[in-house]
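**Q** Structure in structure tokens, see below.
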Amino acid sequence: MFMNFVSAHQVSPADAMTLIDRAEAFKNGTPVPEHGPVYAANLFFENSTRTHTSFEMAERKLGLTVIPFDPAHSSVSKGETLSDTIKTLAAIGVNIAVMRHPADAYYEPLLAASPTLAIVNAGDGAGQHPSQMMLDLMTIHEEFGSFAGLNVGIVGDLSHSRVAHSDAEMLTKLGANVFFSGPEKYFSPEYKQFGPFLPLAELVKKVDVLNVLRVQLERFNSGETAEFSRADYHAKYGITDALAATMKPRAIIMHPAPVNRDVELASDLVEAPQSRIFMQMHNGVYMRMAMLEAVMQARQFGAVPASQAATVRR
Amino acid sequence: MFMNFVSAHQVSPADAMTLIDRAEAFKNGTPVPEHGPVYAANLFFENSTRTHTSFEMAERKLGLTVIPFDPAHSSVSKGETLSDTIKTLAAIGVNIAVMRHPADAYYEPLLAASPTLAIVNAGDGAGQHPSQMMLDLMTIHEEFGSFAGLNVGIVGDLSHSRVAHSDAEMLTKLGANVFFSGPEKYFSPEYKQFGPFLPLAELVKKVDVLNVLRVQLERFNSGETAEFSRADYHAKYGITDALAATMKPRAIIMHPAPVNRDVELASDLVEAPQSRIFMQMHNGVYMRMAMLEAVMQARQFGAVPASQAATVRR
Amino acid sequence: MFMNFVSAHQVSPADAMTLIDRAEAFKNGTPVPEHGPVYAANLFFENSTRTHTSFEMAERKLGLTVIPFDPAHSSVSKGETLSDTIKTLAAIGVNIAVMRHPADAYYEPLLAASPTLAIVNAGDGAGQHPSQMMLDLMTIHEEFGSFAGLNVGIVGDLSHSRVAHSDAEMLTKLGANVFFSGPEKYFSPEYKQFGPFLPLAELVKKVDVLNVLRVQLERFNSGETAEFSRADYHAKYGITDALAATMKPRAIIMHPAPVNRDVELASDLVEAPQSRIFMQMHNGVYMRMAMLEAVMQARQFGAVPASQAATVRR
């Protein structure tokens, strides 16, 4: 099933529900099944507190052995290709590489590079972010119990947003209605298949889930790339306290974080009762456990005959 | 008691003795009590071999699970606040954050940020350095058995020294007499409440413990901040072999390290019989175990009902 | 025997065979003997994916506790000497320091610095690379069963090659015939004691093992240090497909990696049937386990009386 976990494309609605169930079980304290030693490495070629730390935690809770890998101090700095790095890790005995990389679909050439090593995509360029997608689904499912007919708004810096790509695709598959808003020039054609662009005030009133995206910092920086001031963005495209007051009573606010406070979201809304932002982070650990376990099962990593299990060293 | 461990202010004389006893027990091989999984992260926003490595060792000896965190590769570089980073780690399930940060009292706003995460201060700007203080106390206690009436000299770059602040405060509470020396302009008013400034030659003869501070490198660097040459500092304010020869027979030399050899301290004194510098480092591991354990106990981290303990994964 | 493991000089032919046997046993699944806690730190002052990751894996498979150490964030950046860093790690309780450093024989002054800490050399400047040497021997032994009379060619950027130094010395001790080729100006006098320089075409036909060295990148970079274009090097000194076709039927290709594909070696030869390059990486983990275990045994690290073993925490 999940020989690798790289994209929303490979996740069926049934898969999604199985993973959500398993993640909720872990959250409720289901013990991790015993298994032989499995070795994971986390290759983060882009910075991330949340995703990286969350995977580190999930790996330890699953009983994996984590082999440290720092891209900045690796042979990649000697010009080694990503494919040769993956072959090296496989030869050394690493079973699972969790990777984030700025290149779109960086994983495509790697899937063939090593048949013995699984790739779990922790974000590729402007492509996919399947673990964020799955934890978003889990958080929505916890709240509403189902996806069919749910109205989900995805708002903000849609341009090059891997979260928006993955979430919109999967929510649509699951029967939710997806709507977009934010600066209209960021509503690129690939989103049209998933749902319409709405004026922000209209969207906010309509949705059950308001998923607000982080605005890339370079859009505010002085210099050539600056497009907005922070205050301007907040006034025109941000979720202000006034706007949030028009949300449906049971509607929730989500955000992949880190939040630019008072830019895409009023600062006090981050900790407001309708916010699920820290719950998303909390759920992320359990969902990543479920995803990693799915890969381990598909590849039979850690599957040790009972007769040998006693001599296996963790 | 120690919901967080951030400052000498919070440590009573009785607390100090309890921690010293516990650290000495660990040093003597007392086994660590069994406990459920507890997750620690070390957030070092300033470099340190000794303190960082010592905490890493203490955590492992205590059976904690350490989640790696590199500030340089974190979302702090995307402008995330320290408070949001702490909330994120708490949401992910980190129980204890050991932190060093260049801002004075950086921890104050964080104590409220997450009620479920403990902060252990590994040094804040020119503020406090409670784990260095506690290992210094342990080393003195091992040598002399008590603090009352002991003469302790703190010598050198007093300006902005968190070690001097923490040590002077706590030693005074414990009944020791504290004296200061070094470049007199560094003897800032906050030290006067703890003890007088003495000429170096007089102090060296008088004390049982000679605690020598590291001189900040920028004081020697060429350019605007240069105040001394290394040789000048050594001749005027350093502990030379000749000065050390005037110490009391049982007096000891301490230093928080790393030592600028032949600047604040003659190089051969680092390994001399009266030096306790490497013993301080050795004791530091056991003291940090005692401090971390105190925090775990105050918050009941790892306290698992016996009925569930068997299914808990380390 | 191996109180430290730093150089080919210290390895007798009998030692080499003992280590190869042990590494092959680990490869075949021999369980690691139970032992008390042993603490290792990896100090890589030069980048390396393979060697660093391989030691990390070997340490975990041996059941060692690994204390993270990042030279870039250490007190070395405050001007601390390597010797004081080693004394610090020893005082904190680290048992084994695996080190790579750009200075030739950096380890000489450290061997005396701490009698309680073992140094395992993971590569020193243009000196030695004993773990690469041992895994190369293991790979050759697996293929041919013995070394006596075997023809081994070492080809390429011989200048300052620690792999060439270590391999040539040890292979000669074991009775193999060593031949060199590549740009002749890199054939420095120290190699003459081990074997002659041959024209590349002659060497390739003659050898059972063709060990190709990585060309240092700065030799191609534009600017003052440039000596070759990549294509030029490949045509004159590289192993092309045409050259490889002249190898003996059972001869193998080795390379310490990372490979500059189509420079010292035609890209398709990296994965060719006669290549053992990924097998070298695979064997490296087991060989490093054997080397670390030899050091642990020589120093009785982890040797816990049976009566205490039950209370020891890993």
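Backbone N, Cα and C atoms are what each Cβ position is placed from, and that goes for glycine too.
All TrEMBL annotations are machine predictions without curation.
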**Q** Can you match one of B:ARG100, B:ARG219, B:ARG299 to the carbamoyl phosphate site that TrEMBL gives for B:ARG50, B:THR51, B:HIS129, B:GLN132, B:ALA257, B:PRO258?
**A** B:ARG100
**Q** Using a 10 Å radius around its CB, how many other CB atoms surround B:GLN132 (carbamoyl phosphate binding site)?
**A** 23
**Q** What's the CA-CA gap between B:ALA257 (carbamoyl phosphate binding site) and B:ARG162 (L-aspartate binding site) in angstrom, rounded?
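**A** Roughly 13 Å, rounded to the nearest whole number.
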**Q** Let me check the 10 A CB neighbour count of B:THR51 (carbamoyl phosphate binding site). How many other CB atoms are there?
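**A** There are 26 such Cβ atoms around B:THR51 (carbamoyl phosphate binding site).
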**Q** List, in sequence order, the same-chain residues at least six positions removed whose CB sits under 8 Å from that of B:PRO258 (carbamoyl phosphate binding site)?
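**A** Correct list: B:THR49, B:ARG50, B:ARG214.
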**Q** Which residues, in sequence order, are found in the same chain with Cβ within 8 Å of the centroid defined by the Cβ atoms of B:ARG50, B:THR51, B:ARG100, B:HIS129, B:GLN132, B:ALA257, B:PRO258 at the carbamoyl phosphate site, excluding those residues themselves?
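**A** Other same-chain residues with Cβ inside the cutoff are B:SER48, B:SER54, B:ALA122, B:GLY123, B:VAL163, B:PRO256.
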**Q** The record names B:ARG50, B:THR51, B:ARG100, B:HIS129, B:GLN132, B:ALA257, B:PRO258 as the residues that bind carbamoyl phosphate; what is their largest Cα to Cα distance in Å?
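**A** Overall maximum Cα spacing for these binding residues reaches 16 Å.
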**Q** Same-chain residues six or more away whose CB lies under 8 A from the CB of B:ARG100 (carbamoyl phosphate binding site)?
**A** B:LEU43, B:PHE44, B:PHE45, B:GLU46, B:SER48, B:THR51, B:HIS52, B:ASN121, B:ALA122, B:GLY123, B:ASP124
**Q** Near chain A by Cβ (under 8 Å): which of the binding-site residues B:ARG50, B:THR51, B:LYS78, B:GLN132, B:ARG162, B:ALA257?
**A** B:LYS78
